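J.: What follows is a single structure, and I will ask about it in a moment.
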Amino acid sequence: MEQQDVQPDPTQEPVSKRQTAGASDKIAVWWIFGLTGIVVGIYFLVYWNWVSMPTALRLTDEPTHSERFIAALAKQHLLEMSSVGPRVAGSYANEVLTVGFLRRVIQAIADNANPVHRVELEVQQAYGHMFLDYEKYPQTSVYRGIQNVVVRLVPSGGVAEPEHFLMLSSHFDSVPQSPGAGDDGTMSVIMLEVLRKLSQHPQPFAHGIVFVFNGCEENTLQGSHAFVAYHPLFQRVRTFINMDVAANGGRDIMFQAGPKYSFLMEYYRDNVPHPYCTAVAEELFQADLVPSETDYYVYTKFGNIPGMDFAHSTWGYLYHTAYDSYSTIPETTLQHTGDNVLALAKALANADELYDIREHEGSKAVFFDFLNWFLIYYPLWASILLNVGLSLIAIAVIGISLWMTMRQHGVALGTLTIQCLLSVGVILLSVIVGVGLSLVLAVILNAVGSSMSWFTQSWLISGLYGCPYLLALLAGPVLFVRFVRQDQLPVQVRVQLLLHVTCLLYVLILIVLTAMSIRSAYLFTVVILFYTITAMVNLLIRYKSTHWIYVHLIGQIIPIAYLSSVSLTSFSTFIPMQGRGSAGSNPELLIALFAVLLALLGTGLITPLLALTRKPYWYVGFVGLFFVISIIVMVTEAGFPFRAATSPQRYYIYHMDRHFYHHNGTMRRSDARYYIHPQDRHTPDLIMDLIPEMAQATKLGDECDRELYCGIPFYQNTQHSQRDNAWWLPAAVPIIPVPVELQLTNKRFDAVTNGTTFRFTVSGPDHMSFYVSPVQGITLTSWSFSDRIPRSGLRWQGQDVHYINYVHGIDDSPYEFDITVQGVAMHPQEAGWSFYLNVVAQYMHHEQYRTKEFGQFINQFPPYAHVVAYPTYLESRIF
C-alpha cells in the first residue's frame with residue numbers, strides 16, 4: 001500500500017499547542033469581581049438618573065417661564081385641598097368643602113384667562129348605574145347625587161363651538177382615613193395648574209378641552225361613568241388623558257395607551273419632555289397583577305374612546321393610608337408630571353387626528369422609554385417583523401460563528417454539534433435549577449412565616465432570590481468546562497458556544513412570545529439585538545483571543561442599563577403592592593419570579609464568562625456569602641417587613657352590628673363583632689400576642705355556609721374571596737350614627753305576568769350595599785337597580801347571588817327600589833319565601849363614633865400598623 005504525504009493545514013495549530021494556549025486563555029478571577037463592580041456601578045448610575053427630577057419652578061420664575069408649569073402653585077393648592085382631611089364620597093369634606101375649593105380656584109383661573117379663551121364651569125350631579133362584569137364577583141353599581149366638577153376651555157368670541165374635545169380627568173375623592181394628597185389630590189392640582197396655563201395660552205386651540213374632576217372614583221369608578229353615560233359633552237370627546245396615583249412621589253409613568261390608536265404614542269414621543277412608559281406595565285396591569293382599576297377602564301370600556309393613563313408608582317407604601325399627606329409629595333414630582341401633561345395636552349388639543357379619530361384606528365403598540373431620555377415605539381405588526389427578522393439574523397450570525405470555529409480549529413461537524421448540544425443542556429439545566437432553587441426558597445420562606453423581609457429592605461431580593469439563581473448559572477458552565485474535556489476547542493471557544501446557545505434560548509423565547517402577541521417580548525429583543533451586533537463585530541475580528549470578550553461586554557452595557565431601569569420600575573411598583581394583597585397568597589413567589597426573570601435577561605450573557613477564570617470558586621463563594629448574609633439579615637430585626645410612617649402594615653377592621661330576621665319578621669340572630677379583613681401575608685399573625693382581645697379571635701368557620709356572604713357587611717363583594725383567611729372576635733354593640741331604615745312599602749301580584757313586585761324604601765349613610773339572593777324555585781325577572789337582571793356571582797347554597805353597590809353624594813334622600821320575582825320556592829321549609837335581602841351600611845367617615853372599647857382595641861395596635869376601622873351594619877331579611 002502506497003503511503004501518501006499529508007500536508008499540514010497552515011490555518012490549524014497543533015493540538016498540543018492549542019492545549020497550551022487553552023491554559024493561557026484563563027484570566028484572573030478578580031477580573032470578574034471588577035466586572036461585577038462595573039455592573040453594580042451601572043445600576044447605581046441608572047438609579048441616580050431615575051431619581052433625578054426636573055427643578056420645581058417657583059412663582060418668582062413665572063415671568064421668565066410664562067409657558068411652563070409652576071409646581072409651587074400646584075403645591076399650594078394641594079395644601080388647601082388635603083387639609084380638609086379624608087374626602088370620602090358623600091361626606092361633607094368631599095361634597096361641600098372640596099367642590100367649593102375647586103369652584104373657587106377654577107373661577108379665579110377663568111377671571112384671569114386670555115380673552116381668546118372662554119372657561120366655563122359646571123357641577124354635574126349624576127344619578128345612574130353600571131354593571132361591572134367581574135368573573136366571580138360581578139356587581140351592579142348604583143349612584144345618586146354624586147358630583148363632578150366639569151370645566152370647558154373653548155375659543156371665545158365668534159368662533160364656532162368645537163365639535164371635538166380632548167378630555168383631562170382625575171378624581172378628587174379619597175379613601176377613608178386618608179388625606180388623599182397623593183391619591184388623587186396630586187393629579188387634581190396638576191390639572192388645575194394645567195388649566196391655568198392653557199387658559200393663558202396666546203392662541204385658541206383647534207379643539208375644545210374639557211377638564212373632569214370626578215368626585216367618586218374610589219367607589220367603583222362611579223364619577224367617570226356618570227360623565228360618560230349622562231353628560232352630553234362626552235359625545236364630543238375624542239381622546240383623553242387620565243391621571244391617577246398609586247404612590248407618593250417619583251415620576252409619572254404612562255402605563256396604558258390606546259388601545260389600538262398608536263398615533264397617541266407619536267404625540268407622547270414628540271412632545272413629552274420627561275418620557276417614562278413601558279408596554280410591560282400596561283400588560284401587567286391588564287393581566288390583573290395590579291389589584292386596582294382606574295377611570296381609564298370606564299372611558300375605554302363604556303365610553304369606547306382611546307386615551308392615555310398616567311400614574312405615580314414610586315413609594316406606594318403610603319398609598320391609601322393616613323400617611324398619604326401633603327408633606328410626602330415632592331414639588332419635583334408635580335413639576336415632572338405637570339411638564340408632561342401640559343405639553344401633551346397642548347399637542348393633542350391641536351391634533352388633526354381628532355377631527356376623525358376612527359380613521360386612525362390601528363393596532364396596539366410596543367412602547368418604552370430609554371432611561372427617561374427618549375421614547376421608542378412601533379406598532380404591534382412592526383414588532384412581529386422586527387422580532388422574526390432579528391431572530392433570523394441572530395441565528396445566521398451564530399451559524400457563521402460556528403462555521404468559523406470549525407475552520408479555525410479544525411473541528412469536525414459532528415464534534416461541534418455534540419459540543420453545542422452539551423452546551424444547550426448545560427444552560428437549560430442551569431436555568432431550570434436556578435429558577436427551581438429560587439421558587440423553592442420562596443415557598444419555604446412563606447411556609448415558615450418569614451415572608452416579606454424585603455418589604456422595607458428591598459436589597460434582600462438580590463440576596464434571597466438573585467443569588468440562588470446566579471449560583472446555578474455560574475456553577476453550570478464552570479463545572480462543564482472543568483470536568484467535560486474537549487481538547488480540540490480552547491476554553492474561550494467553549495465559553496463562546498455557551499453564550500451562543502444562551503442567545504438561541506432567548507431567540508426561542510422571543511419567537512414564542514411574539515406568536516402570543518405579548519408586547520413585553522421586546523425585553524428579549526433588546527438583549528438579542530446587542531448580542532447580535534457584538535457577535536458581528538467579533539466575526540470581523542475573527543474572535544481574536546481575549547479581545548472578543550471586551551467587544552462582547554461593551555455590547556452588554558446598554559441592555560444592563562435598560563434592565564436596571566426596568567428593575568427599578570418593577571420592584572418599586574410591586575413591592576408595596578404586596579402589603580395590600582391577600583393573606584392567602586404567597587408574595588414571595590411573585591417577587592422571586594421578577595427577580596429570576598430580570599437575572600435571566602441581565603446576567604445570562606455574562607455568567608458563562610466565569611468559566612474563563614482561574615479559581616472561579618472564589619467568586620462562587622462570594623455569591624454564596626452574600627446569600628448567607630441575606631438569610632441572616634432576614635431573620636434579624638432588620639428583616640422585619642414593616643416600619644411606622646414609611647412602610648406600614650395595613651389593617652381593615654369593621655365593628656359590626658348584625659341582625660338576622662325570620663320570614664315572619666321576628667329576630668333570628670343578633671350580635672356584634674370585630675371583623676379583621678386580611679390585607680397581607682402577616683394578617684393578623686403579628687398582633688396575636690400583642691393585643692389581649694385577639695385571644696378570642698377565630699376564623700369564620702361555618703358562618704359562610706350559614707349566612708349569605710358570610711353575614712359580613714363587606715364594603716366590596718370581592719372581599720368575600722378572602723373569607724377563608726378572615727378573622728373575627730366578639731365585641732360590644734357599636735354606635736350607629738345614621739340608622740338604617742328598610743321598609744317594604746308595597747307588594748303587588750300581577751296575574752298577567754304571574755310576577756310579584758316588592759317595593760322598598762331605605763335610608764342610611766352614603767355607602768350602602770344590597771345582597772339579593774332568590775331561593776331555589778324563584779327567578780328574579782326585573783328590578784329598578786338597572787335595566788336588566790345581570791348574571792349571578794358566586795352562588796350560595798345553590799342560590800344565585802347578586803350584589804348591588806350603592807352610593808349617594810350630595811343627595812341623601814331615601815332611596816326607593818323594586819324587585820320583581822316569579823315562581824314558587826322549591827323546598828317545603830321555604831314555603832312562601834321569595835328572596836333574601838341583606839342591607840349593608842358602611843360608616844367609613846364616622847371614626848368619631850367609635851365606642852370606647854373599639855378605640856382601646858385599635859390603640860393597642862403596634863406603631864407600624866395603619867388601621868382603617870369604622871362601624872358597619874348588616875340587616876338580613878327574607879321576603
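Cβ coordinates come from backbone N, Cα and C, glycine included.
Keep in mind that TrEMBL annotations are predicted by a computer and have not been checked by a curator.
OK, TrEMBL features for this one:
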TRANSMEM  27-50  transmembrane segment
DOMAIN    148-344  domain 'Peptidase M28'
TRANSMEM  380-404  transmembrane segment
TRANSMEM  416-447  transmembrane segment
DOMAIN    421-625  domain 'Endoplasmic reticulum metallopeptidase 1/1-A TM'
TRANSMEM  459-483  transmembrane segment
TRANSMEM  495-515  transmembrane segment
TRANSMEM  521-541  transmembrane segment
TRANSMEM  548-569  transmembrane segment
TRANSMEM  589-610  transmembrane segment
TRANSMEM  617-640  transmembrane segment
DOMAIN    646-876  domain 'Endoplasmic reticulum metallopeptidase 1-like C-terminal'
J.: Any contact between the transmembrane segment (459-483) and the transmembrane segment (380-404), i.e. 3 or more CB pairs below 8 Å with pairs at least 6 residues apart?
T.: no
J.: Who are the chain neighbours of the transmembrane segment (27-50) in space, where the CB to CB distance is under 8 Å and they lie at least 6 residues beyond its ends?
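T.: Distant contacts of the transmembrane segment (27-50): 251, 371-372, 546, 553, 557, 560-561, 564-565, 567-568, 606, 609-610, 612-616, 618-619, 622.
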J.: Taking a Cβ cut-off under 8 Å, which residues six or more beyond the ends of the transmembrane segment (380-404) line up next to it in the same chain?
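T.: For the transmembrane segment (380-404), the list is 363-366, 416, 420, 496-497, 500, 503-504, 507, 510-511, 514, 517, 519, 521-522, 525, 528-529, 531-532, 535-536, 538-539, 542-543.
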J.: Across the whole of the domain 'Endoplasmic reticulum metallopeptidase 1-like C-terminal' (646-876), what does the mean pLDDT come to? Round it, please.
T.: 96
J.: Counting Cβ pairs under 8 Å to the transmembrane segment (416-447), which of 495-515, 521-541, 548-569 comes out on top?
T.: 495-515
